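Okay, so here's the structure we're looking at.
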Amino acid sequence: MHTIFETIEKVALKIDHAIKTEDLGYSESENSSGEDQLKLDVKSDYLIEEAFKSVSLVKDLISEEKEGVMPLHSNGKYTICYDPLDGSSLADVNLSVGSIFGIYDGEPKGENLVASAYVVYGPRIEIIRAVKGERPKHYRAQDGFFNLVSKEVILKEKGKLNAPGGTQQNWCDYHKSFVDDLFAEGYRLRYSGGMVPDLHQILLKGGGIFSYPGTSDKPHGKLRQLFEVIPFAFIYEQAGGQAIDAKGKRLMELVPAHPHDTSPCFFGSNYEIKALKKAYGVNA
């Protein structure tokens, strides 16, 4: 696992350089979900592919930007599912973006995820990484190396931040009431449109909730299970929080039928998730 994390660190520096120096415009292609690809999406995907080609532990790569599985090493142990540049459309307005990695031992599904990591490309490059049985660890880049900032990232029982995703006019009434009730309690809005920076802020500021519900236009949610939802669910649970879907099911129990399946998702401290379950009428 050390080799995989080390590879993520090395490729993160290359992606950060690309963000700072290369064309931020659109390419002439679409990803597997039919979304227009930015040139940075394509470049970041290429950099990650190239980086893992030499890592014999990795059996397959599955990218959010591609439809199929990329076989690497037939004797490898792990499948890595990744979003090469989450929130890439924010780069041209100079907001933080990120990369997400889920490391699966066996079939890619929640129960087989053994480690995950994400990178934040902002004023500084930071990485949060987690393995089973340990609190997530926080690293920050300096002079080309990643130094440990905190060996235990822990969510408080109750937070102060509220990051509600999805177009509000497409929310159901009980989700809107839930969000409004949090603001009535004094919660602060923190939503950039980037999953990585928003969840990173909640994690490092001690707690709160990030929600991306099913909506009238996207009833199955927008965020992809293998690349985004399950890796972050793992990190939030390891930090002492919870991550569930709209029925109260742990996101770590998801079994995607297709690599690009999506799910409504909610990540937060225990207090906020309990309040969400009450609002959604599911058993705590």
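Using N, Cα and C of the backbone, Cβ positions are placed for all residues, glycine too.
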Residue from Glu185, Glu228, Glu237 that Swiss-Prot also lists as binding Mg(2+) 2 with Asp83, Asp86: Glu228
Swiss-Prot annotation, Mg(2+) 1 site containing Asp83, Leu85 - matching residue among Glu64, Glu107, Glu111: Glu64
Residues Asp86, Gly87, Ser88, Ser89, Tyr191, Lys222 [recorded substrate binders]: greatest CA to CA distance in Å: 16
Asp86 (Mg(2+) 2 binding site) to Glu64 (Mg(2+) 1 binding site) - Cα separation in whole Å: 9
For Glu228 (Mg(2+) 2 binding site): intrachain residues, at least 6 apart, with Cβ closer than 8 Å: Glu64, Asp83, Asp86, Ile100, Met195
